[in-house]
């Protein structure tokens, strides 16, 4: 053997196999993480429905197929509640339309100026009636948000007039006219908008819709006074948390409100110094209550929702990262006790996501858009086929015969 030959080192045949094994293990680990984080193995299913067996509810489930068919989110990412929520927050919707409306200004008793946008229907309603969607958006949202624009455009094309509340202080180009902005459960501005619609359109019937924080406001509004339920065909609440005392959403709400507060610091604090503004911040946030705990207790719809007697659809997603699953016992129990309530819980959808699609790209319309309008259509059809004496005034659930009219 020469000295040159003795310097040659051979690689053990086991090493390439070991490297291949390490690569396969790394790939398997990455795939496992992707599958777990995207929840790819989770099944698709129809919403879990809690309701009482009544003629109205049987009619609703038959007439609104979105409630009984599978909700199928986009395959690659749609089963992750976090991604659905993030995409809703960042993108809003796909190919968002630009409905044309008229902005209305309503002076409030305390000097505040509430605004809402009014959109007329783009087609005749399928029942031939005059029906208005009165819509309360999510926290710090307004009519210009993508998900609101998409829903309004779809509703207009289905024959609905739409009135969308702009939360006080939410629109960046509208200055506050008093040292007050929107809060978690204040119904003043929504009540003013509904009052305007009832007066301006005396023949219209109302569909009350609330998204997230807006769901809390509309349910509280309806439950505060029975008069608020007059001329209301039905109500839909999507992705609300029912009780702010036990809600992770408080952190997001506080952060969102802080940004809006800072953008209106001059109107809210009259040019006060930063220290004075920080001192007044808690007082502003409590909205006249003695503590944050009392504020959330009084402002949560959980104390009022049992007074709502019009048909009420409550929609939540089991993978909503902002609404803890423990809070879902509230709508579940309510639907078990009250015949006017239907609770629909989807497996997927996140917080106001509910995107639909085949593999990667979502469709412009979401399951949420379709189920609200489908439920509203069914309720309008149910109301149309009732005898005249049972038409919606204050008792939308009447199912018996007409009483004799006394002279």
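Cβ atoms here come from the backbone N, Cα and C positions, even for glycine.
Whatever TrEMBL says is automated annotation, not expert-curated.
Here is what TrEMBL says about this protein:
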ACT_SITE  212  active site, charge relay system
ACT_SITE  320  active site, charge relay system
ACT_SITE  351  active site, charge relay system
DOMAIN    132-285  domain 'AB hydrolase-1'
REGION    385-407  region 'Disordered'
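Mean predicted confidence for the domain 'AB hydrolase-1' (132-285): the pLDDT average there is 83. Each residue contributes its Cα atom, and for residue 351 (active site, charge relay system) and residue 320 (active site, charge relay system) these two points are 5 Å apart. A gap of 11 Å separates the Cα atoms of residue 212 (active site, charge relay system) and residue 320 (active site, charge relay system).
Of all Cβ atoms in the protein chains displayed, 25 besides its own lie within 10 Å of the Cβ of residue 212 (active site, charge relay system).
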